[in-house]
């Protein structure tokens, strides 16, 4: 215990020293509020990244049926491919604790959003409720104590958020269907949408599931395996403490990432290994220089229930709705156990892209998902044997090993 405490003290001291060299929290807050210039010690968010990379960007907001106000970013064209009407639409959805920044952070020629724009697509980047860009509701305050804002899991993201964003993008562009790509939770929520609201299958030309997560019995991540057996106790404790948000985006985290994880920083490898512990180890695919930019946008915040729901899936071995406990299950579902999602109602063409070293989307679980949906395009392995869960968005070779194949399939289904 003494050793652990000493480590935390040392880390805290180093953080304070590092942060003292960076822009002050006040400068950052002023910048975020639009009342000051961007400090030199902080990386930009999605819209600024896109602008800085020389692409036009639009910010759109849509309100879900249950009152959440979501922000989407549209990239209608690029330097060599100007905006025009009638383009094929591609919608991309991020994973747990992430945001739309995932799809542009690798930069022009490398990031999936830019590659799609350069290939002629009208690209829309979604943001799920509760993350950095979607912390608004018509009634509830996300920062209030005992607020109902955080009373959701990824079930609501699939049932409310994705349909709202997809409908908006289609109506705005005048299209009737689009291409979809999602990572991790962006795949989970898709399968909820198309199984419980099957009319949305007709609005999907093809879906590309990057690191698909539905069944989770065989995941290897120590992070999930450690807390899954205690998920009921953790959920109860969080509720008693009034803690409903998990790992919110914060300026302290952003500045810490800038200083502790930058090139030549002593703690850079610690930052890298935290990511490896979650998604699998693949050192050659992580560009350490990008760590400050990654940590400026991730974690982007989530409901505690999103993690609880995943832990329930690991414990049960089933892809099913949120388990509220025996009594509430009887009230909500009419049964003591939550119902499975009816994956046989997913009829959109789905390509499942997986990695051998993905600690959150095990190959055997992806194969089970493949056998459960009705219209799979196929199972597609990333050729790097060490490809992990986070390489799908941040991998150095994601463009050549994955994204080109995704775009090629999308083109076929236009």
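Just so it is clear, glycine is given a Cβ too, placed from its N, Cα and C backbone atoms.
TrEMBL annotations:
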- 184: active site, nucleophile (ACT_SITE)
- 358: active site, charge relay system (ACT_SITE)
- 389: active site, charge relay system (ACT_SITE)
- 48-105: domain 'Partial AB-hydrolase lipase' (DOMAIN)
- 1-22: signal peptide (SIGNAL)
Pairwise CA distance, residue 184 (active site, nucleophile) versus residue 358 (active site, charge relay system), rounded so that it is a whole Å: 11
Integer Cα-Cα distance in angstrom, residue 389 (active site, charge relay system) to residue 358 (active site, charge relay system): 5
Mind checking how the domain 'Partial AB-hydrolase lipase' (48-105) divides into helix, strand and coil residues in DSSP? 9 helix, 21 strand, 28 coil
